[in-house]
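In TrEMBL this protein carries:
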| type | residues | note |
| --- | --- | --- |
| BINDING | Gly319, Met320, Thr321, Gly322, Thr323, Gly324, Lys325, Thr326 | ATP binding site |
| COMPBIAS | 1-12 | compositional bias 'Low complexity' |
| COMPBIAS | 13-22 | compositional bias 'Pro residues' |
| COMPBIAS | 31-64 | compositional bias 'Polar residues' |
| COMPBIAS | 74-86 | compositional bias 'Low complexity' |
| COMPBIAS | 112-129 | compositional bias 'Low complexity' |
| COMPBIAS | 142-166 | compositional bias 'Low complexity' |
| COMPBIAS | 194-210 | compositional bias 'Polar residues' |
| COMPBIAS | 217-237 | compositional bias 'Basic and acidic residues' |
| COMPBIAS | 644-662 | compositional bias 'Basic and acidic residues' |
| COMPBIAS | 743-756 | compositional bias 'Polar residues' |
| COMPBIAS | 875-884 | compositional bias 'Low complexity' |
| COMPBIAS | 897-906 | compositional bias 'Polar residues' |
| DOMAIN | 239-599 | domain 'Kinesin motor' |
| REGION | 1-241 | region 'Disordered' |
| REGION | 638-662 | region 'Disordered' |
| REGION | 710-777 | region 'Disordered' |
| REGION | 867-919 | region 'Disordered' |
Amino acid sequence: MATTLPRPSRPSASPPNAPLPSLPVAKLRDSTSTLPDASTASPRASVSSLRSQNATRAVSSSALPTKRPQKDSTTPLPTLTAPNTPSGIAPPGKLRKTISIGSFPQPPRGIASASKPSSPLSCTSTPSSKMPPPSVGGIPNRGSSLRRSSSKMSTGSVRSASMRSPMSPPSLFNANGDMTMAGSGLLSIPSPPHSRNSSAQDSYATSATTFDDLDLDDVRGREGASHSDSKLGKDGKGNVTVSVRVRPDAGSDGARPELEWMVDGRRSLISYKGKEGGEYIYDNVFATHDNNSRVYDAAAKRLVRRVMEGYHGTVFAYGMTGTGKTFSMQGTASSPGVIPLAITDIFSYIRETPHREFLLRVSYLEIYNEKINDLLTPAPVGPNGQPGGDQVEIKLREDSKRGVYATPLKEEIVQSPTQLLRVIARGDSARRVAGTQFNARSSRSHAVVQIVVESRERVNGSSLADKRSTAITPGGVRVSTLSLIDLAGSERAAEDKARRTEGAHINKSLLTLGTVIANLSGETEDKRPGDKKAVDKSKHLPYRDSKLTRLLQPALSGNSLVSILCTIQIGSAGSVAAAHNHTAETLNTLKFASRAKNNIVSHAKKAEEAGGGVDARSLALLDRYRIEITELRKQLEEAQTQTKQRDEEEEEKVREVEAENRHEEQMLEMQLARTALKERIEHLNRLILSSKSIGVNNTTRTFSALSTRNRGSVATIDSRPVSARSSTASHALEVPSLGRTASGGSRDSLGTVQGNGANGDAGSEEEDAIGDNGDGTASSAIQVRALQADLADKNRYISTLEKRLLQARRSSQSRVSMGLAQRMGNGEEGSMETIVKERDAEIAELRARLDDKDRMITALRSAARKRDVADLRVETSTPTSRTSPEARRRVSHQRSEGGSNASSGFRHTPPTSPVGLGLLTEKRQKVKGVEEMTRILDEMITETAAGGNTNHILRRGSTLKVVSEAQ
Ligand SMILES: Nc1ncnc2c1ncn2[C@@H]1O[C@H](COP(=O)(O)OP(=O)(O)OP(=O)(O)O)[C@@H](O)[C@H]1O
C-alpha cells in the first residue's frame, strides 16, 4: 500500500448544530454499535439489544423523496425465488419456490414509501478535499484521524438526530421490538451511523436507488464512462460498500423457514420475523435470482475502476460455509464472478486510458491453519518425491510505504486478461478444498488475490525518441492495489479431525475479524468530557490475533475502498435442523455486515505519484523497469559497439590469416620451384655425366679390352659403390668412389658406374678400375689428389653449411620474435610454444635440404673425380701401349709383383718420362676444370637453396654445361 490515510472522524453523539442536507434515500439499520458480537453474543442477547435500540431509533419519513414511494406503491414487493425459478441459478428440475409477497405483512404505504426518500437528518457527503491529510508513516493514526470535525459533526448529528426524530422510518419491528410488517406501532430502526463515512453514506442512497431505477446496462454504461473523482460525490457511491447476497435454497422439507424472511432487493433490505427478527438494510441486497454479473456491477465494479485510478481497494466475501462466497468471487464459466469480471474491467480501463501506461503484477496467497502459503509457487517436493516439502515461511511485514504485506511472495507480471486469469486459475488449483457437511468443495483457507496496478502518465508523442526520454525520467508512478479475498466459511465443529482443526482456525480468524470490526466503532477520540463513548477509545483492535486481520489491517483501518459481500442462505436446506442452523448463522452474518457497514471508516485517497527523488528500492516497478530498459539499451549499444570492434579485429585477423596463407602458398610455390630447379640441376648433372660417361664408357671399353688381356695378372683398383641420393630420391645417383681393396688372387675386380638417369646406360657398363700407368704410381697420385680435392670440397661445403645454418637460425629467431610480439599483442601468449615448434620444423627442413645438397654435391664430385680418374687412366695407358716390349714386360712384371703384393696396397708411382709429365700436366688442368665445375655447382646449389631463382640457376646450369663441355 503506497499511502495510508488517517481515519476519518467518528460520529459523535452530539446533536447537529445546523440543518443537515437531505439523504436521497432514508435507510433503516440496526445499530451495529450496540449489537452484540456475532460470535459471542447469543441470539437472544442480540434480539434484546435490538429491541432496546429500536425503541429509540426512528427516522422521519416526511422528508423521503416522492418518486420512489409512488413507484413502490404500485410495485409489489419482490418475491424470494427458489433455485428453480426461471431467473434462478439452481439446478433445473427443482420445484419453483416462490415466497409470496402476500405472505409478508405489507407495510403501510406511507411507511413503505418512507423507506426510500432521503431524510433531512441524513448526513452530508463529505468531500474528499475536506479529508484530513494522510498520517505520517502511511499507517493511519487512529488517534489523530479522529480529530476531524466536518464529517464528525454531521455524522454525529445524524446519529443523534435519527435517534431523536419523532418521524420514524418504516420498520418491521413494533414498539416491543417484535417484528411486524404492518400496524401502527412500527418502530424504526435508526439510520446507521453511516454518515461517519460520508462516502459510504452516499453509497447508501445511490445503491438503494440505482438498481431500482436504472437498467443495469445503463448503469454499466454510465459507470464505465466516468472515472472522475467527482463522480464519487455526485452519485454518492461510498468508500465502504456492504452487500448481502442470498443463495438459492438447495431443497426444502416443507418447513418453509423462508416464510420468516423477506428479501427486498429494490430497497436493499432483508427482514426477519423470527425470534431475533429485525430489518437490515445494506448498500445492496441480492436476491436469489440475481446473477454474478449483477453482483459485480453493484458491489465491485466502481471499486475496481477506482483502483485503476489510483485508490487501494479490497473486496471480500464473508459468510457461512456453502453460502456462495467462492461462487460469487470466482463464478463459473457461464457466470463469471467478481474476480474474472474485475480482470475484464481492469483491461478495459487500460484500453480506455491511452494517456497512461500501466504495469500489472499479481500475487495469490492463502491463509491455511494460520499459515500463509504462496499459491503461485508450486509446493516443494518432499523427500519421498511427493509434494509437501517445507515451503519457505511467508511472513507478514509492515512498512510505511507498502503497509502490511506478505513476503517472500511471488508476483507475476501480467499483460493480458487471459494471462491474469490463468495465473489465478493456477492459484485456485493449489488452494485447499475439502468436502464438508455443507459443501462438497469447501474452501479450507482464506484466499487473497492481490493485483498491484502501477500507472504513469504517458509523455505526449509516440515516437521512440519520446518514449526513451520518458524512460530516463523516473517518477510520476501511481501504485494502487486491488485485493480480492474469498474467505473460508464459518462452520460448526466437524467430525473429521482435520476438518475440525481447519474449522477451528477458520472460526478463530473470523471471530477476530468480527471483533476488530466491532471494536472499530469505539475509536472515538474527540469526545466531549464525560461522554460515555469516550471509554470506547480504549477498545483493543486485535489485528495481530490472526493473519487474516493483520493482512486486512490497512483496508479495515481506512486506507482502502472496501466492498464486503456477505453471503447467506435462508432456505431450509433440506431439513429443519439445517434451516435453524442457517438462520442462526445468517443472523450472525447479517449482524457482521451491519457492523462492518457502520464501523469501517474509509478515507481512501488516490495514491500519490511517486516522485523522481525516491530511492531505488522504493521505486515503483514501472520506474525500475523503465530505468532497467534504459540501462539495457545502453548496454545493448555498448555491446553493439564492442561487437563491431571485435568484428573489425576478427576481419583484421582473417586478413592476417589470409596473408599468412598466401605466404604459405608462395612458400609452397617456391618449394615447387626449388624442386623443379633441383630436377633441372640433376638433369644437367646427368647431362654432364652422360657426356663424360660416354668417355668413361669408351675408356671402359678400352680398359675392358685391356683388362681382358691382362686379366689375372694386374693389380686392381676396386671401386666401392657410394650412393648419393638427391633430395627427390628418384634421381639416385651412384658413382664409384675410389678406394683400395684387395681383390683376392689374380682375379680382376670391376668398378661399376651405375645411374638411374635418363640415359640409363651407365649402370650396365663395366669398368676396369685400374689406375694403371705402367707402374701404378700415376693412380696413387691421382687418388691422393682426388682425396685432397674431396677433402677440400667437404671442408668448403661444411663451412657453407655452417653459414647457411647460422643464417637460418638468425632469420628464424627474428621471425619468431616478430611473430611472438605480434601474437603477444593479440593476447595469444599460449601459442609461443607453437611458434617455436614451427621454427624448429623450419630449421629441420632447412637442414634436411642442406643434407640433400650435400649428398648431391658429394655425388657430383665423386662422379667428376671418377670421370677424371678414368680420363687419366686412359691417357696414361696410351703411352704404355706404345712402349717397348721391354717396358711392357716390366710393367707386366710389376703387375705380377703387384698382384703378389696386393696386400701391401696400391702403389702410386709418378711418371718419369716426358710424355708422362705432359700427360700429368694435362691431367692437372682437367682436375682444375673439375674443381671449377664443382665450385660452380656449389654456388649454384647455395643460391638455389637461398633464393630459388630459377633463371639464375638456369644461367648457372648453362655455364656449368659449357664448362663441362669444354672439358
Ligand atoms: N447464488 C448461487 N446460485 C447458484 N448456486 C450457488 C449460489 N451460491 C452458491 N451456489 C452453489 O452452492 C455451492 C457452494 O457454494 P460455494 O462453494 O461458493 O460456497 P462457499 O461459501 O464458498 O463455501 P465454503 O465456505 O465452504 O467454501 C456450490 O455448488 C455453488 O455452485
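Residue numbers in this text run from 1 along the chain shown.
Cβ atoms here come from the backbone N, Cα and C positions, even for glycine.
Those TrEMBL annotations? Automatic predictions, nothing curated.
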- Message: Measuring Cβ to any atom of ligand 1 with a strict under-6 Å cutoff, which of the binding-site residues Met320, Thr323, Lys325 qualify?
- Response: Thr323, Lys325
- Item | Cβ-centroid neighbourhood (8 Å) of the ATP site, Gly319, Met320, Thr321, Gly322, Thr323, Gly324, Lys325, Thr326 excluded | Arg247, Ala317, Phe327, Phe438, Asn439, Gly489, Thr567, Gln569
- Item | Helix, strand and coil counts within the compositional bias 'Basic and acidic residues' (644-662) (DSSP) | 19 helix, 0 strand, 0 coil
- Item | Neighbourhood of Thr326 (ATP binding site), C-beta criterion under 8 angstroms, separation at least six | Ala317, Arg441, Ser443, Asp486
- By a simple count, how many Cβ atoms lie within 10 Å of the Cβ of Thr321 (ATP binding site), its own Cβ left out? 23
- Query: Does Thr323 (ATP binding site) have same-chain partners at least 6 apart in sequence with Cβ under 8 Å from its own Cβ, and which are they?
  - Reply: Arg247, Gly489, Thr567, Ile568, Gln569, Thr589
- Message: Using DSSP and collapsing to three states, where does Thr323 (ATP binding site) fall: helix, strand or coil?
- Response: coil
